[in-house]
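The next block holds one structure in the form of structure tokens; read it before the comments.
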Amino acid sequence: MPHITHSEFLLEQLKRQRERSFLCDCTVSIGQAQYRAHHNVLAAFSEYFSTQSVDAGREDPTITLDPESVSSAIFEKLLTYIYTGDLNMDREEIESVQKAASYLGMPEVVARCTLSQDNIKNVGSPMRQAEYEDPRSPLSPDDYEPLEPISEVEERELLREDRAGDDLVSMDEAQSSSEQTPQRVGKRGRKPKTRLYEDEFEVETISAQRGRGRGRGRPRGRPRVRPLSSDSTDQSPAHQAMSPNGSSTSRGSGRPRGRPRVRPLSTANEDPRNVEDDPAANKDQEVEKGNEEQKKETGEKDDGKNDTDNPEEVTAFKRGRGRPRIKPVSTEDQTTNSENVTTNAEDGSEPAKTKDSEGTGRKRGRPRSKPVSSEDPESVISVEISGEEAGEETSQDAEKHTEEGTEDSESNPGNSVRISKRKRILSRKLKESQAGDEEEEEEEEMDDEFENDNEDWAGEEEVKPVQDKHRPICNICGNLFSEMSSLRRHMRIHKGLKPYQCTLCTRSFRQGNQLKTHMRIHTGEKPFTCTSCDSRFAQKCQLVYHCRMHHGEEKPYKCEFCGAAFATSSNLKIHIRKHSGEKPYECGECGKRFTQASTLMYHKRRHTGEKPYICDTCGMAFAVSSSLIAHNRKHTGVTPYICLDCGKPCLTAGELRKHMDVHNDIYSLKKHSILKHNVVPELETTQTSKTDPTQCPLNIPIDHQGLIARVRSALVDSQDHEIQMEPPLPILPPETSLTIQQSAEPQMIIQHADGSEPSMIFQHAEASEAPMLIQHGEPGEQVSYVVEQYEIPATAEMEHTQIVIVQTID
């Protein structure tokens, strides 16, 4: 993957945001064409937009350009240049682009347009111009001189490539000859092929002629030739012939791609005399190998010189990138290996790699082992700092550890191989995740990682188990999540981002599945069907709620205060607010508070007058969706609510509850019977109701409610009241004449509570003992009263000792 600079990455992200109209807060209008863009980006490139953006503000984000000065086609090119840095224009468009750039105040574009029109045919970005100026890049057809035919140039390029191919073939032949030389034998008895890399100067010359291509099979961004450390001081003549100035001694043979790496014995190619004289040669090799690796990684070029000057100090094996380090083995293994190497060297045969020596080093992809307790870390550090002195100290330490290792190996042979539990756990994970042939870049990262682990392990006394991966946590609210993707979706709540927008109603959502569910409202799709009835739903949660409400399924959410059960947790949460009195939703207009957000929304529509729900049949609008549903039942004739007592159909549940009051109130039933069925109620019912005046249900006009309440309270508070029981009241016919006499000391008063009508003062005639029926008002709108007289003790609140209770008869 090519390296992308910070500026290129920023431009690419801004371009993608503009293409998606994400965070675009400016609209540029040219005639009928409109372009969405970002204020700050336009203002950064244009002086015109920097002034217009301030004047426009938030109320009017549209900026209109003059089509005569800036056409839509030219503005598209300039807009592309602003967001990408590429300005592509033909010779005929240079003048128009220059005019538009001058109008918009873009001096950089004006400077480009002032160049010669003959030399500007396709003005690109500065990056592309640098590629054209690079002599190593392939020539484009426009760069050839017009007098030279293009066909001849192509033939010349083909000849150059063929010549470079011949050079590579000669290198392959030298490689095949080098493969015939005796090599180390792998642990399975195979002889891995060894390929000699070409000289740096020759390969760089060939690659420069052919262009900047990467080698076949090599990863992107990796050089074709990589110097390796020497695998052996004894090399074949073919090796020495291919490496002038003895440079091949400092380079080793790499394995072909796809071939397994073979880790040689620490004494495989070493002089037998050195093995016999120095029993700690393995550790010297490991330390020297680490020194050479550090020099090679830091870019030092004096590896070959140091190796040739001191051939005795050069170890037989030097670890390349990703190669395992060798752990010192016990004395028995070292002695056995030394004897085997000496015997094989005298016979002239290749020393074989044994299983014992194989187990002491880590395989490819395994972590470096932690030093055992018998090893002295200070000796390792001293060896890395100095040369011969470090070797002597290491030899002494090795002899000391050999004596200890002999006893340990006899008692428990596994101590010399297994180091720690942590190593075992990490090795298994890495072996599973890194199966197959890994890239060398990954091996370098592993080396760096395990080197840091070795530093940590050097200071540890006890082996600690591998800790689990930390769960992602929100740094704002502290919520924990199982995955980073869940945390990213959660952060949209705090940032207020809703990137998913509906194209039909412009509603926005935080997640894509929310938009998918919302689209079912427009399409009418209802994929979830109830198994008990034919109801269908757009969401699964709606189906679950339906089954719990209408089909007897258990309601799992119960109130801890009153025991009421609910189908959803949200309904329970709203119900608990009734007990706590919490009303978190407040109206900004009048300050009224509500327990639900939906109730607040409906309340706000009273202030604004908004009625978004419109009937498709008659066009009537409503503020609440339930009102529209009840209204549609008038057109369809559907009456889902029916009274069980009389069978009356009702449109809504509220209408049914209001109707049930007729059956529960005896006087309301009497009124209903008289009005609807012309049936006079029986007198026994009236007589029975008079036995207790305090419990007498009276149905009187609303303006007499206050008087009745005072009468009942007076009757209850009085302990010595006596009620004069009268015979059943005869209702006089309307034509009966009544005598109403004026009196200064009235005995009976009828007065409306609101004072809308004048007081009526009357009394009985001397010869009359029965109550009378009084009618007053205009003809056609007369109100009839049945007068009943009660004698009660006078109180401070009552003005008269006699109170009249009246009942209206329709």
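Glycine is no exception: its Cβ is also placed from the backbone N, Cα and C atoms.
Of the given residue ranges 318-330, 604-616, Swiss-Prot assigns the label DNA-binding region to 318-330. With a cut-off of 8 Å between Cβ atoms, the residues of this chain six or more beyond the zinc finger (557-579) that come close are 541, 544-545, 548-549, 595-596. Beyond the ends of the zinc finger (585-607), by six or more residues, the same chain brings 574, 577-578, 623-624 to within a C-beta distance below 8 angstroms of the stretch. Long-range Cβ contacts of the zinc finger (500-522) within its own chain (Cβ-Cβ under 8 Å, at least 6 residues beyond either end) map to 489, 492-493, 538-539. Tertiary proximity for the zinc finger (472-494) is limited to same-chain residues at least six positions away from its ends with a CB under 8 Å from its CB atoms, namely 510-511. Using a Cβ-Cβ cut-off under 8 Å and counting only residues 6 or more beyond its ends in the same chain, the zinc finger (641-663) has close neighbours at 630, 633-634, 669, 672.
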